[in-house]
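Beneath this line is the structure, given in structure tokens, with notes to follow.
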Amino acid sequence: SKREIKMRKLDSTKVRPLKSEQLLHIEEHDFALRPGFGGSPIPVGIDVQVESIDSISEVDMDFTMTLYLRHYWKDERLSFRSNKNKSMTFDGRLIKKIWVPDVFFVHSKRSFIHDTTVENIMLRVFPDGNVLFSLRITVSAMCFMDFSRFPLDTQNCSLELESYAYNEDDLMLYWKHGNKSLSTDEHISLSQFFIEEFSASSGLAFYSSTGWYNRLFINFALRRHIFFFVLQSYFPAMLMVMLSWVSFWIDRRAVPARVSLGITTVLTMSTIMTGVSASMPQVSYIKAVDVYLWISFLFVFLSVIEYAAVNYLTTIEERKQLKKRGKASGMYSMDAVQAMAFDGCYHDTDEDMDLSPFPEPCEENETRASQTNISNADTPRLKRKRSLKGNVGRIILQNNHVIDTYSRIIFPSVYIVFNFFYWGLYI
């Protein structure tokens, strides 16, 4: 009646609808209900444009992606008359007054709609009631990664979309343009991965209390860059193994040199292994890089054990020789190599070799020899220099143990075979 219309105009609590809302007849419908309530499920088409993949975290097993998410559906309650058949475009302020699909990201940890300078939301309504709803979102979601082949691995991740409240009896999600519904920016790149492919797929998800739901998948495969790990892990480990082989060419009686070299390489390998494991999640299975580093560590460790065996057998051999050459006075006669191991000097005369278990320094031996042969003082020195120059190679060769000789061949050969097998298996 005219009286009720007049009272409505005088009521200050009523907010006069905007012109666009009057054109869409928003106040005449209950938008809390989905379009076509009570009938067949409403089809909602989806297409996605991936703007960027911001990060991949192995420790947290997740990825962060920025994308444009667009929804397509038809709501006849929003149809309007238009002489020119033009659509109307709105921002996010109209979203709260109409029905929109409640799509969410399955397995997402955090997400947000960009709001600079205003909320990145667009709503476009066509005269026949077709609606386009677009928004720009950054989402972080779980990616169940398998590190058994790390760092030679390929990870398959997916971002899953699903309606939260409406099951398949009320809402049907589908890709608007099939496989072409998923598009990507040409300049997407990651520091540690090659992006091999993007694909779209769909399926169903069942919940025991609410039923079946349509689910859409954005699938992408990531192949890891190997060069970084070659420089940071594989190449240093390879150098440490080769460095440990240097001890096979060092005098077997040079205990400080060989032991310090072995301990240094062992500690360096431990540091490399600790650095790799610190940047990875604590998984319960063995990774490919663990296999390589542990076997390299084993080679370094065996080189230390090899010298322990050489030193032990050398000690036993020398004791037997000393007993055979023992004299009645309890003094022992040693060859030049054994004497050099004790006092650090080379001896080429029998008089110098006749040493006590705790020999005097080599300077005192020279003084004693010069006092005994005063007339020929210069001759032994010249002979010694010539003898030392001519016999250095012979001393080194005679001082090699048979275990060192075999180790020079066996260790490199086995390590080369292991590398061929390893890279052939994982690449």
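Cβ coordinates are placed from backbone N, Cα and C, and glycine is handled just like the others.
Remember, predicted model here, so these are calculated numbers, not experimental data.
Per TrEMBL, the feature compositional bias 'Polar residues' maps to 368-378.
For the domain 'Neurotransmitter-gated ion-channel ligand-binding' (26-225), the model's average pLDDT works out to 91. Residues or ranges marked as domain 'Neurotransmitter-gated ion-channel ligand-binding' by TrEMBL: 26-225.
According to DSSP, the secondary structure content of the domain 'Neurotransmitter-gated ion-channel transmembrane' (234-323) in residues is 76 helix, 0 strand, 14 coil. Feature annotation from TrEMBL assigns domain 'Neurotransmitter-gated ion-channel transmembrane' to 234-323.
What TrEMBL records for 359-382 is region 'Disordered'.
Per TrEMBL, transmembrane segment is recorded for 226-247 (among others).
Panel annotation: around the transmembrane segment (259-279), residues 58-59, 232-233, 236-237, 240-241, 243-244, 246-247, 250, 289-290, 293-294, 296-297, 300-301, 303-304, 307 of the same chain, lying at least six beyond its termini, place a Cβ under 8 Å from a Cβ of the stretch. The feature transmembrane segment is assigned by TrEMBL to 259-279 (among others).
Sequence annotations record features per position, and here TrEMBL assigns transmembrane segment to 291-310 (among others). Counting residues 6+ beyond its ends, the transmembrane segment (291-310) has Cβ neighbours under 8 Å at 233-234, 237-238, 240-241, 244-245, 247-248, 252, 258-259, 262-263, 265-266, 269-270, 272-273, 276, 401, 403-404, 407, 411, 414-415, 418, 422 in the same chain.
The transmembrane segment annotation in TrEMBL covers 409-426 (among others).
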